[in-house]
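K.L.:
The structure that follows is given in the form of structure tokens.
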Amino acid sequence: MTKARLSLQQVVDGGLCSGCGACAYAQRDEIRMTDVPDAGLRPTPVDPEARTLPEGDGAAVCPGGELGLDASDFGTDTIADLRAGWGPVRQLWEGAAADNELRYSGSSGGAASALALYALEAEQYEGVLHIAAREDIPYLNQTVISRSRAELLARTGSRYAPASPCDGLAAIEEGEGPFVFIGKPCDVAATRKARRLRPELDRNLGLTIAFFCAGVPSTRGTLEMLEKMGVSDPSTLRSLRYRGNGWPGKATAVYSDEGDGTTSAQLSYEESWGSVLTRHVQWRCRLCADHTGEFADIAVGDPWYRPVEPGEAGSSLVLARTERGRDFVLGAMTAGYLIAKPAAPDVLPRSQPNLLSVRGAVWGRIMTLRLIGAYSPSFRGLKTFRFWCSQLSPKAKLMSVVGTIKRCLKRRMHPAFHRSR
């Protein structure tokens with residue numbers, strides 16, 4: 001029996017929205033994305049009189065309620081040992097951008113930026129759609145199109161804050177040539193859904209790149225981080241980087257001081273992400289079975305399988321998930337944009353040692369939601385149950401179940417809280 005697709009309103013009410021913005025693209029005259037500081041970017045009706053989100057193609061492109069990989073995504077040339085826990089991987093490398101400025105300013109080794117630059121300069125792509133800081137409010141994000149090295153360089157670095165890159169897919173659909181799309185795993189998954197509905201988008205979407213993601217903190221998380229950095233008034237902020245300019249780099253805020261100058265403050269990656277931001281990750285990310293971009297052509301992330309030495313130049317783990325992705329990586333290497341060497345398959349699980357237990361916990365959380373009658377996502381081709389059995393202790397399983405019930409009730413995510421609408 002096939003589970004009925006959730007409506008957009010049910011996705012939002014159930015805390016299942018990832019904030020990708022695909023619904024705002026699919027129904028751009030009816031839906032816009034609005035930042036909810038304690039939650040994330042959420043779809044809201046354009047019509048101020050509407051009490052619920054309008055129905056339309058938005059539900060069909062939403063990754064929050066349903067995700068699925070097909071047998072055709074894997075094929076015989078994917079690495080067998082990685083399929084169950086890490087999705088389709090045809091080849092992997094460790095490397096970095098050949099451009100030293102991109103490598104230094106990027107979050108790890110600047111691999112995504114290097115691949116994007118190769119697309120623009122060598123493959124004559126029209127643009128690269130990705131996320132950058134808003135110029136007027138630097139702690140918020142905006143969707144941008146980069147068309148040059150200068151624009152890519154100015155917009156490097158991770159943005160650990162709500163972002164809706166899919167709300168800009170119309171620019172790709174209406175373009176004259178191919179584009180690169182760079183986003184979180186859920187953003188790329190939504191883009192795959194959208195391209196199935198929009199032939200013009202499919203035609204112009206030349207390459208998708210996902211970066212490894214441990215979850216999206218709310219805007220409240222960034223504001224708390226700024227407080228810890230001594231920035232009590234966010235309106236004084238002039239720029240904000242979450243990492244980069246070194247590996248892994250530091251969170252760096254530049255803000256106006258009491259005089260006419262500016263002051264900068266920094267937190268280490270452990271202090272910013274590990275102590276503050278991770279506590280504000282949205283609920284849908286706790287239900288995510290794909291933290292490494294299984295729906296993308298190429299996925300990139302940090303090779304954390306070894307300690308990072310002080311002052312070490314950044315390095316990236318690069319996964320080719322599709323034939324298109326593999327050809328693109330090899331082309332970038334041949335053209336001198338990416339310097340990389342093949343990596344053994346076990347480098348991936350060693351780089352992300354906690355993700356299999358995270359994947360197992362997802363199964364327990366989803367089953368708990370279903371048992372109590374709450375909204376839950378459905379997955380196809382994303383294995384979770386085997387890791388619930390093999391990766392979690394009895395205590396961890398109990399905590400996963402109890403924590404899910406508490407959070408569902410505390411955040412009013414059960415349908416019973418929304419029946420009066």
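Even glycines carry a Cβ here, placed using N, Cα and C.
I grabbed these lines from TrEMBL:
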{"type": "DOMAIN", "residues": "94-166", "note": "domain 'Coenzyme F420 hydrogenase/dehydrogenase beta subunit N-terminal'"}
{"type": "DOMAIN", "residues": "180-344", "note": "domain 'Coenzyme F420 hydrogenase/dehydrogenase beta subunit C-terminal'"}
{"type": "REGION", "residues": "36-55", "note": "region 'Disordered'"}
K.L.:
Apart from its near flanks, which chain residues at least 6 from the ends of the region 'Disordered' (36-55) lie with a Cβ under 8 angstroms of it?
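P.N.:
Beyond its ends, the region 'Disordered' (36-55) has Cβ neighbours at 7-9, 12, 17-19, 21, 23-24, 27, 29-30, 162-164, 216, 218-220, 223, 282, 421.
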K.L.:
What counts of helix, strand and coil residues does DSSP assign across the region 'Disordered' (36-55)?
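P.N.:
Summed by class, the stretch gives 0 helix, 7 strand, 13 coil.
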K.L.:
Please work out the helix, strand and coil residue numbers for the domain 'Coenzyme F420 hydrogenase/dehydrogenase beta subunit N-terminal' (94-166) from the DSSP assignment.
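P.N.:
Residue counts for the domain 'Coenzyme F420 hydrogenase/dehydrogenase beta subunit N-terminal' (94-166) by secondary structure: 25 helix, 17 strand, 31 coil.
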K.L.:
Calculate the per-residue pLDDT averaged over the domain 'Coenzyme F420 hydrogenase/dehydrogenase beta subunit C-terminal' (180-344) and state the result as an integer.
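P.N.:
The average pLDDT of the model in the domain 'Coenzyme F420 hydrogenase/dehydrogenase beta subunit C-terminal' (180-344) works out to 96.
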